[in-house]
Structures are given as structure tokens and as C-alpha cells.
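Peer 1: Sharing a structure below in C-alpha cells format, with a few things to ask.
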Amino acid sequence: MHLNKLSLFNYKNFSEAGFDFDIKINCFVGKNGIGKTNVLDAIYHLAYGKSYFNPLAVQNIKHGEEFFVIDAELEKNDRTEQIVCSLKKGQKKVLKRNGKAYDKFSDHIGFIPLVIISPADRDLIVEGSETRRKFMDSVISQLDSTYLHQLIQYQKVIVQRNALLKYFALNHTFDNDTLSIYNEQLNEFGKSIFEKRKEFLEEFIPIFNVHHQAITGSEESVQLVYESHLFEKDLLTLLQENINKDRALHYTSSGIHKDDLSFEIDSHPIKKFGSQGQQKSFLIALKLAQFEFLKKQSGVKPILLFDDIFDKLDETRVAKIVEMVNSETFGQLFISDTHPERTEAIVKSTHQTYKIFNL
């Protein structure tokens with residue numbers, strides 16, 4: 001699978017731009033603020049139906065304009081496909097495949113397997129548990145549409161249950177029968193999501209460990225630890241036990257929406273005890289493991305986006321990535337960098353075909 005062409009209209013800082021891509025390596029070089037990352041983000045947008053860097057869709061429209069369009073042609077399974085994502089102010093975003101609009105964006109997730117490695121990934125370490133849950137969910141959802149559906153349904157029920165708890169508080173009333181209906185639904189969806197997260201991590205963690213060892217070449221011990229209330233008790237029991245707490249807080253305090261994926265080094269939080277270099281290695285290993293997991297499960301090499309990562313890597317880690325490109329581990333690769341000479345030297349050393357776009 002690879003992208004052939006990309007056209008942008010009023011997307012972020014681009015009024016209009018078009019690119020014809022190499023099937024292997026494509027580099028976007030230029031000064032900071034010129035739009036290199038925005039091209040990568042447009043490609044991400046096509047895969048996930050949203051920006052990696054700005055979740056507020058309307059803010060991706062070029063300042064002073066009324067709409068944006070991202071239009072791409074790609075080859076997948078020997079077929080040419082057209083994907084178009086567009087948004088007009090005041091209207092819903094539209095995502096089309098070969099001219100036909102998706103009824104639900106979730107039906108598109110997984111059609112373009114894609115992994116991004118970016119300085120923004122540091123949020124996975126420094127931000128709260130929601131960021132790490134989203135990482136888990138995005139990987140699983142690209143391969144399992146049932147999981148994504150269950151996740152969406154679970155989140156809807158959480159919103160409804162929380163609204164009911166607020167209603168009880170405002171009206172000084174309580175109806176356990178109605179609450180029990182939501183509890184049963186959460187238990188049904190939550191149990192399945194919990195089991196699938198466990199299954200995913202059982203396979204993912206060994207892949208992560210291999211990549212971390214390859215990148216660092218060191219003996220330091222790193223861990224991904226899944227934390228969930230459901231290891232202790234089933235969700236129905238937890239919801240019943242915490243009812244007084246939930247009524248006081250006006251929201252649901254236990255469930256898979258509180259899960260976390262703890263990042264550790266030598267059994268301590270890497271956020272506090274890992275150096276910058278150790279944190280970078282951890283995140284790159286995490287994303288390369290995501291790439292390998294998706295490739296293994298789908299049989300398709302995901303598109304890989306490297307956003308400004310050479311600034312953050314020493315020569316040893318760059319050499320490791322070059323080695324992986326040469327081994328045909330990767331499929332199509334998109335790179336952004338501020339240093340044209342460095343970029344060209346790196347891609348030349350891979351002995352693969354490439355294009356460099358000076359923005």
C-alpha cells in the first residue's frame with residue numbers, strides 16, 4: 001500500500017498544494033513554520049479522520065477561509081483508491097472513499113494503516129491516563145471494528161449514566177432500577193473491551209521489548225504495565241460498590257475509562273525517573289512496535305510518518321532506522337526535517353528510491 005498523490009486546499013497554512021510521491025521515501029524539508037508537519041498531518045487526517053495535532057477540526061481550516069479539502073490517491077491491494085476529507089465551517093466533516101461518503105467515520109478506521117512518530121508523542125509520557133488509553137484504543141481499533149463499536153457504545157453509556165447521576169443530585173431523587181440498566185450495559189461492553197486490551201498487550205509488549213533492546217542496546221529494564229479496576233473485580237460489582245461515591249461526585253468513578261498503561265523504567269515511572277534520552281528511546285520503541293503489530297496483524301505495511309525526529313536522535317539510533325529501511329521492514333515513509341543536507345545524507349544511505357520536497 002502506498003500514497004500516489006496528495007492535494008491540499010486551505011489546509012492549515014496551505015492555500016493550495018499538490019504532491020506526487022515516491023513509493024518508498026518522501027522528505028519534506030524547510031524552515032520551521034513552513035508547513036512540513038502540516039503535510040504529514042494531512043496524511044494522518046486521511047487515515048484517522050482527524051488531525052494528530054489539533055483535535056478541533058475547524059482550526060485546521062486556513063485562517064480567513066471557509067473550508068478545507070484533503071484529496072489523495074493511493075494504491076492498495078492492486079487497486080487505485082481515492083480518499084477525500086473535507087470540512088466547511090458550520091457543517092459536519094465529510095470523508096469519502098471513491099466518491100461515496102462514509103455514514104460513520106469509524107467504518108473508515110483501519111483502511112489506511114498508519115503510524116506517526118513525532119515530538120508530540122511525549123504527551124504519552126507527561127499527560128494523564130486518557131492519552132495512553134487513546135494510544136491503546138487507536139492501535140486495536142485499526143484492526144478490530146467490533147472493538148471500536150463497543151468503545152463508542154461504552155462511552156455513550158458513560159455520558160448517559162453521568163447525566164443521570166447529575167439529575168439525581170439536582171432533583172434530590174434516586175432510581176436504582178434505571179441506574180441498573182446503565183450498569184448492565186457498561187458491564188457488557190466494559191468486560192469485552194478489558195479482555196481485548198489484555199489480549200492486545202500480551203502480544204504487543206514482547207514486540208515493544210525487542211524494539212527497545214534493538215534501539216538502546218542496553219540492559220536497562222523497561223515495562224508497559226496495564227492498570228485496570230477490572231483486575232480486582234468485575235465491573236458490575238465495582239459500579240454497585242461505588243454508587244455512593246458516584247452520587248457524591250456526579251460521575252462514574254470506576255470502569256475501563258479509568259484504565260492506564262503505565263510506562264516504567266526499572267519498575268519506576270519513566271516520567272519521573274527516565275532521562276530525556278531514555279524517554280525518547282521508549283517512545284520510538286513504542287511506535288515501532290505499533291508499526292510491527294499492525295503489519296503482522298493486517299498483512300499490510302503501514303504508512304510511516306517521521307515528524308522531525310532526526311533532531312532528537314543520535315547517530316546510533318538513526319543508523320538503526322536506516323537498517324530497518326534497508327531490510328524492507330518499512331513500506332512507504334514520509335519524513336519532515338529542517339536540515340536538507342542531513343535528510344539527503346540519511347536517505348541516500350538507505351539505497352532506496354526517494355523524493356525530496358523543498359517547502
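Using N, Cα and C of the backbone, Cβ positions are placed for all residues, glycine too.
Not my notes, these are from Swiss-Prot:
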BINDING   Gly30, Lys31, Asn32, Gly33, Ile34, Gly35, Lys36, Thr37  ATP binding site
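Set these features in their place in the structure for me.
Peer 2: Under a cutoff of 8 A between CB atoms, and with a sequence separation of 6+ in the same chain, the neighbours of Gly30 (ATP binding site) are Lys36, Thr338, Asn358, Leu359. Under the DSSP three-state reduction, Gly30 (ATP binding site) is assigned to coil, being neither helix nor strand.
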Peer 1: Which number gives the other C-beta atoms within 10 angstroms of the C-beta of Thr37 (ATP binding site), all protein chains shown included?
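Peer 2: Its Cβ has 23 other Cβ atoms within 10 Å.
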Peer 1: Under 8 Å Cβ to Cβ from Ile34 (ATP binding site), same chain, six or more residues apart: give me those in sequence order, or none if nothing qualifies.
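Peer 2: Long-range Cβ contacts: Asn13, Leu359.
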Peer 1: Pick the one among the binding-site residues Gly33, Gly35 whose Cβ has the fewest other Cβ atoms within 10 Å in this structure.
Peer 2: Gly33
Peer 1: Please give me the CB contact count at 10 A for Lys36 (ATP binding site), counting all chains in the structure.
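Peer 2: Its Cβ has 23 other Cβ atoms within 10 Å.
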Peer 1: On the three-state reduction of DSSP, what should I expect for Gly35 (ATP binding site)?
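Peer 2: For Gly35 (ATP binding site) - judged by DSSP and reduced to three states - the answer is coil.
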Peer 1: Determine which residues of the same chain, besides Gly30, Lys31, Asn32, Gly33, Ile34, Gly35, Lys36, Thr37, have their CB within 8 A of the center of the CB atoms at the recorded ATP site, and list them by sequence.
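Peer 2: Counting only non-site residues, the set is Asn38, Ser336, Thr338, Leu359.
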Peer 1: Across all the protein chains here, work out how many other Cβ atoms are within 10 Å of the Cβ of Lys31 (ATP binding site).
Peer 2: 9
